[in-house]
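Q: Have a look at this one.
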Amino acid sequence: MKIRFTKMQGAGNDFVVLDETQGRLGLTPAHYRLLADRHFGVGADQILTVRPSPGDGIDFEYVIHNADGGEVEQCGNGARCFARYVHDKGLSAKDTIRVQTLAGVIAPRLTPDGRVTVDMGRPVFDAARVPFDAAGLTPVPQGSGQKWPLALSGSAQDAPVLVAVVSMGNPHAVQLVEDVDTAPVAQTGPLIESHPRFPRRVNAGYLQIVDRSHVRLRVFERGAGETLACGSGACAAVAAGIRLGLLDAQVDVQTRGGLLTIAWAGADTDPVFMTGPATPVFEGQIELPDTP
Ligand SMILES: N[C@H](CCC[C@H](N)C(=O)O)C(=O)O
């Protein structure tokens with residue numbers, strides 16, 4: 001089957017965007033994997049699909065598949081590209097749209113400077129204390145009562161690593177590092193991603209605090225590997241830093257692919273706002289085999 005797509009990127013996190021507002025394409029996980037493949041397909045971190053409104057004042061359904069073909073709850077950089085796409089394609093004349101994801105409703109807004117601000121909803125801190133088993137990362141005995149963040153260490157002689165487990169609809173395990181450039185992302189990212197502590201797997205964030213309003217972040221993403229930027233990961237990391245008393249209410253997040261600005265007032269009921277770029281790269285069409 002021949003399908004049309006739009007290639008987009010937000011801070012270097014790149015996407016294939018598909019339009020199912022006129023009907024379903026009938027794609028399978030194998031099709032999503034092929035579209036994301038950087039040698040045999042188009043190449044992308046995630047595949048984003050635009051579907052019609054499910055009703056209830058919602059403008060669109062926003063469907064997200066990781067490069068491994070799995071459908072997931074949230075994608076922040078993708079939400080900005082989604083809003084840019086529906087505007088540029090004339091699918092909506094609104095500056096602010098409400099879109100339904102598996103994680104709930106989020107509200108991207110096109111801003112006059114060309115960036116997009118997204119109400120990403122509330123962060124949820126995982127207070128459950130579930131011991132890590134020995135999958136390369138083992139728990140460090142903690143003081144009584146400390147439920148969050150979880151502590152773990154790579155081995156007996158390593159310094160304990162504090163991991164904050166935060167959901168932005170999708171799961172994140174964020175740790176503080178001295179320098180993101182030397183953080184063991186390739187070594188421990190896959191271990192954390194597939195750690196039994198996270199039955200749905202998890203996105204592994206590595207957060208370097210520069211000062212109270214500037215941080216650097218790398219993320220080994222669930223189902224995609226390290227990406228140049230992770231929007232929901234930036235929201236989770238900043239919310240964790242604010243909750244730990246280390247960051248102010250608005251923070252610039254420098255990722256390898258660009259700058260995101262995250263704001264959170266700090267109460268569990270407050271939404272996290274993310275602002276950043278959303279850039280179309282090219283239009284294309286691809287012939288997909290019926291059974292890849
Ligand atoms: N890999 C993520 C989905 C994409 C998140 C990221 N690309 C973003 O911008 O939020 C997950 O499995 O939860």
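In case you wondered, yes, glycine gets a Cβ from its N, Cα and C as well.
Note: TrEMBL annotation is automatic and uncurated.
Note that the structure is predicted; figures quoted are calculated from it, not measured.
Got these off TrEMBL a minute ago, pasting:
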type: ACT_SITE; residues: Cys75; note: active site
type: ACT_SITE; residues: Cys75; note: active site, proton donor
type: ACT_SITE; residues: Cys230; note: active site, proton acceptor
type: BINDING; residues: Asn13, Gln46, Asn66, Gly76, Asn77, Asn170, Asn203, Glu221, Arg222, Gly231, Ser232; note: substrate binding site
Q: Listed recorded positions are Asn66, Cys75, Asn77; which of them have CA atoms within 10 A of the CA of Cys230 (active site, proton acceptor)?
A: Cys75, Asn77
Q: Which value in Å gives the longest Cα to Cα span across the substrate site residues Asn13, Gln46, Asn66, Gly76, Asn77, Asn170, Asn203, Glu221, Arg222, Gly231, Ser232 as recorded?
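A: Those residues reach a largest Cα separation of 16 Å.
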Q: For Cys75 (active site), write down the residues of its own chain that are at least 6 apart in sequence and whose Cβ falls under 8 Å from its Cβ; none is a fine answer.
A: Gln46, Leu48, Ile64, Asn170, Gly231, Ser232
Q: Go through Asn13, Asn77, Asn203, Arg222, Cys230, the listed recorded positions, and name the one with the sparsest Cβ surroundings, counting other Cβ atoms within 10 Å.
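A: If we count Cβ atoms within 10 Å for the recorded positions Asn13, Asn77, Asn203, Arg222, Cys230, the smallest count is at Arg222.
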Q: Taking 10 A as the limit, how many CB atoms besides its own sit near the CB of Ser232 (substrate binding site)?
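A: Neighbour count, Cβ to Cβ under the 10 Å cut-off: 34.
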Q: Once Asn13, Gln46, Asn66, Gly76, Asn77, Asn170, Asn203, Glu221, Arg222, Gly231, Ser232 are set aside, which residues in the chain still have Cβ within 8 Å of the Cβ centroid of the substrate site?
A: Asp45, Ile64, Val72, Gln74, Cys75, Gly78, Val219, Ala224, Thr227, Cys230, Gly233
Q: Below 8 Å Cβ to Cβ and six or more residues apart, same chain only. Which residues does that give for Asn66 (substrate binding site)?
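A: Those within reach of Asn66 (substrate binding site), by Cβ under 8 Å and sequence separation of 6 or more, are Tyr32, Ala36, Asp45, Gln46, Val72, Glu221, Arg222, Gly223, Ala224.
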Q: In terms of DSSP three-state secondary structure, what is the assignment for Asn203 (substrate binding site)?
A: strand
Q: Secondary structure at Asn13 (substrate binding site) (DSSP, helix/strand/coil)?
A: strand
Q: If H, G and I count as helix, E and B as strand, and all else as coil, what does DSSP give for Cys75 (active site)?
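A: For Cys75 (active site) - judged by DSSP and reduced to three states - the answer is coil.
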